[in-house]
C-alpha cells in the first residue's frame, strides 16, 4: 500500500466518521436482530476493555455509545448506523470474561455472540479489542478460537495505549503478535489505539474504508 493510498483512505475515513452516526437497534437475542443491510463491523472484547469509548472516539461523539464502569453492563448487540449513503454499521458486542455475572447470563451472552458471528453474512470484520495494560488473556484466546471457526475476518486492536509506558506497550505488542501467530485467520496488522488521545483512530477508520472498498 502506497503512502498516497494510505493518505486517501485516512481522509475518506475522516469524512465517513465525521458524518451523522446514530443508534438504531439493540438486540438481546438472535431473534431480535435488525434486518441485514449493507456492511457491518463488530467490536468484541473483555468487559471494560473500552469498546464503547472506542466507538465514541471513532465517531467524534462523546455519548453515542454508552460507557459504563460496571463490568458486563452491555448485555445486548448494539447497532449504530452511519450516514445514509454509507450503508455501513458498527456493532457493539456484549463484553465477555466477566466472571461475577450469573452463569445463566454468561451462557446467554455466549450463545448470542456465537450465533451472531456464524449467521450474519453482512458482517465484514470483527475487531477484537485487547487492553494494552493486560495483553491477551485465556478468555481472549477462546474468543479467537471461535472466530477462527466462524469464517469471519477479524483483527486485533490494542486499547488504552496511553495508560502504559512506551516500553510496556512495545512488549505488549510483541506478546500479542506472538499470540496471534497461533491464529492464522487473524488479520496480520495489529492496530494500537487510545480513545482518550485519539491515537490510532485515523488508521482504524482507514482500515474500515479499505474493507468497504474490498467488499464493494
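Heads up, the Cβ atoms here are built off N, Cα and C, so glycines get one too.
So that you can see what the record holds, here are the features copied from Swiss-Prot:
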type	residues	note
DOMAIN	37-214	domain 'EngB-type G'
BINDING	45-52, 72-76, 92-95, 159-162, 193-195	GTP binding site
BINDING	52, 74	Mg(2+) binding site
Other C-beta atoms that fall within 10 angstroms of the C-beta of residue 51 (GTP binding site): 29
Which whole number is the mean pLDDT over the domain 'EngB-type G' (37-214)? 89
I'd like the Cβ neighbour count for residue 160 (GTP binding site), meaning other Cβ atoms within 10 Å of its Cβ, all protein chains included. 22
For the C-alpha pair, I'd like the distance in angstrom between residue 45 (GTP binding site) and residue 52 (Mg(2+) binding site), rounded off. 11
Residue 45 (GTP binding site): secondary structure state under DSSP, collapsed to three categories: strand
Compare the C-alpha of residue 52 (Mg(2+) binding site) with the C-alpha of each of the binding-site residues 76, 94, 160, 193, and give the closest one. 94
Residue 45 (GTP binding site) has how many other Cβ neighbours within 10 Å of its own Cβ? 26
